[in-house]
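Asks: My questions all concern the structure below.
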Amino acid sequence: MKILYLLFAFLFLAFLSEPGNAYKRCHKKGGHCFPKTVICLPPSSDFGKMDCRWKWKCCKKGSVNNAISI
């Protein structure tokens with residue numbers, strides 16, 4: 001029975017994250033995920049959280065060079 005629990009846990013973790021689809025919505029907007037402490041310039045290039053991980057946000061790729069970290 002323990003083997004079944006371990007097998008289920010392994011399968012669950014294996015399919016939990018799909019690396020090919022990470023941040024798909026942000027990338028479709030032409031953005032990239034950055035920590036929330038980064039300020040995107042101009043402000044219109046800040047798309048918000050979208051599908052980025054916790055405490056990260058989506059900024060337009062062109063604003064990467066202009067990003068300011070607090």
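Using the three backbone atoms N, Cα and C, a Cβ is placed for every residue, glycine included.
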Asks: C52 has a disulfide partner in Swiss-Prot; which of C33, C40 is it?
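Replies: Recorded partner, per Swiss-Prot: C33.
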Asks: Which of these, C58, C59, shares a disulfide with C26 in Swiss-Prot?
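Replies: If we follow Swiss-Prot, the cysteine bonded to C26 turns out to be C58.
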Asks: For a quick check of packing: other C-beta atoms within 10 Å of the C-beta of C33 (disulfide bond), how many?
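Replies: The answer is 19.
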Asks: Restricting to the chain of C52 (disulfide bond) and a gap of 6 or more, list residues whose Cβ falls under 8 Å of its Cβ, or answer none.
Replies: Y23, C26, C33, C58
Asks: Please give me the CB contact count at 10 A for C58 (disulfide bond), counting all chains in the structure.
Replies: 24
Asks: For C26, C40, C59, listed as disulfide-bonded residues, tell me which one has the smallest number of other Cβ atoms within 10 Å.
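Replies: Fewest other Cβ atoms within 10 Å, among the disulfide-bonded residues C26, C40, C59, is found for C40.
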